[in-house]
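Here's the structure, in structure tokens; my notes come after.
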Amino acid sequence: MPELPIAATGTLLRFAEGGMLQLIDFHLARRLGQLSGETDPDVVLAFALAVRELRLGSVCVDLSTAAERLQPEADLDDGDTAPADAALPWPEPGPWLRRVADSPAVGRSAEVEAPFRLDGNLLYLDRYWRQERGLADLLRERSRSTIDPVEVVFGEGERLDEHQRDAVRAALSHLTTVITGGPGTGKTTIVARLLAALSDAEPRVALCAPTGKAAARLLQGVGGATGRVWGGTLHKLLGLRPRSSATEFGPGNPLPYDVVVVDETSMVSLELMATLLGALSPRTRLILLGDPHQLRSVEAGAVLADIENADDLLTEPGGRLARLHTNYRSNAEINFLADAILEGDADAARAAIEGAVSIELIGFAGEADPTGLPTVRHDTLSTATSVRGCALAGDGEGANRALDGHRVLCGHREGPFGVAHWARAIRSWLGTELDDYGYDTRHYPGQPLLIQRNSDLFSNGDTAVVVRRPDGELEAVVERPDGALSVAPALLDDATDLHAMTIHKSQGSQFERVSVVLPPPGSPLLTRELLYTAVTRAKAGLRLYGSWEAFVEAVETPVRRASGLAGG
Ligand SMILES: Nc1ncnc2c1ncn2[C@@H]1O[C@H](COP(=O)(O)OP(=O)(O)OP(=O)(O)O)[C@@H](O)[C@H]1O
């Protein structure tokens, strides 16, 4: 049963009881309405739904389709399924939209400040409407600008395929280029090639990504930082301070680069993308790389997918979209499965698993201790043993490499299908198998760590391994864009043991073998994007723990995030 707001009555109470609104949605909507004198419960309901949808990752709510499209929420972490969709008193869309439009809390022109904004059928919190509009205007403006094209001649022996060559040419002759493709389709290879083609002009280049790990991989892929090539997170590029929305660079102080490349753009929120576009000089080439089929940013927005789907954001002469198709890294069975998932074809996806030698589905219904499963024991022990071997020999980079041999990924954070439970079970079982391994709260050689906050030194999502130095002291070796960094383990006291991680956090990384703990049937997390993201983290081997029912449900449930961008 959801927690109900005491002050809610009538319609709003019914929606809260039906799992459609949480306390925060109700209170924020009511307060913002009260400040402007709005008390009509149906209008406050529309505001509360806009707040709810923002919390769930959509920039706005489409009031004309809300009754059919919005689903009640379940507690994501306890594995509960959503409450049954009791018939809720949805207002008639036409009159509802008119009453919302007339509300004093809804701005009518861009000059008027008001907490909400109605754009057609889409209701926004004003701040997000302004961000979306600002981003769309800047993208369209850049699409109208031309740039001197740079010629590229591909050599005889160059192994770039036709799509990759087209993407390089596009980026060399446009101000804004979006290059989409799944993992291993050559996005990094292309960046290296186009930087080589631009090298005569000695451009100042920024290579960045939403996470430090993804930025590190991009930088490594193009041969590392040089005098004119900088690499790091998007937050660092913009000069965003932790826990603040102020940036060093912006419209009055543009970024000092000729080329800005962003990898893993699917994880970038609307707010961050709008900030980036606002901080670019009109002559800076922008190249956005990413896989629009992966999970979206944690914050609101699905900017990459929206730009890909919109007709008018990225157009000639200044803008171009290029798509890459062939995954050169993962094995053919994993690629085949990923394609079937994207097609939403559950039969083909199931057949892809049943006919594969490198993929299997192991029954897991949440009842058993994960380490009772021999497959979990085998994979986690072999990885922990290799990581620990390197750590005891003081080899931090080797330990970090070995850590990528196998990873347990969960959709949920808590509960029997969640990261906390699996990580605890694996760590305590490994503690019984390996000497001096994580049996109490002290750091230990081979301890794999996940950093969960941004700071001057590290980025949220960076990984580290605790190693033993020749003098016997322990140090944590962190992988960063500009190389490994050794720090006292105490500096990472708030990092968590990385015996399992969420699928969300795994974006931007690939591992030799991956074990995925599927959410149970009925979980709101069971979506096509979650499954695709999890499956494509694997290069050579994949295990899914769960049921066919959960698997099929995921394949058949695409995520929808509302925004006004793709609508043009
Ligand atoms: N045309 C090609 N022929 C053969 N191998 C290729 C080709 N293009 C790329 N590769 C190889 O495929 C692998 C993946 O390429 P790359 O790292 O550039 O992909 P990516 O899209 O950046 O992957 P991710 O985003 O997942 O890191 C690399 O080992 C690369 O050398």
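Positions of Cβ are set from backbone N, Cα and C atoms, glycine also.
Residues or ranges marked as domain 'RecBCD enzyme subunit RecD N-terminal' in TrEMBL: 19-124. Look at TrEMBL and you will find G181, G182, P183, G184, T185, G186, K187, T188 tagged as ATP binding site. According to TrEMBL, the feature domain 'UvrD-like helicase C-terminal' maps to 498-545.
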Within the chain of P183 (ATP binding site), which residues six or more apart in sequence place their C-beta under 8 angstroms from its C-beta? D291, N327, R329, S330, Q510, T536, R537
Within 10 Å of the Cβ of T188 (ATP binding site), how many other Cβ atoms are there? 19
Looking only at the domain 'RecBCD enzyme subunit RecD N-terminal' (19-124), report the model's average pLDDT. 85
In sequence order, what residues of the same chain, 6+ apart, have a Cβ less than 8 Å from the Cβ of G181 (ATP binding site)? K187, L289, D291, R323, L324, H325
How many neighbouring Cβ atoms, not counting its own, are there within 10 Å of the Cβ of G184 (ATP binding site)? 19
CB neighbours within 10 A of T185 (ATP binding site), counting all protein chains shown, number 24
Which same-chain residues, if any, lie at least 6 apart from G182 (ATP binding site) yet have Cβ under 8 Å of it: D291, H293, L324, N327, A338, T536
Just to be sure I understand the packing, how many Cβ atoms besides its own are within 10 Å of the Cβ of G186 (ATP binding site)? 24
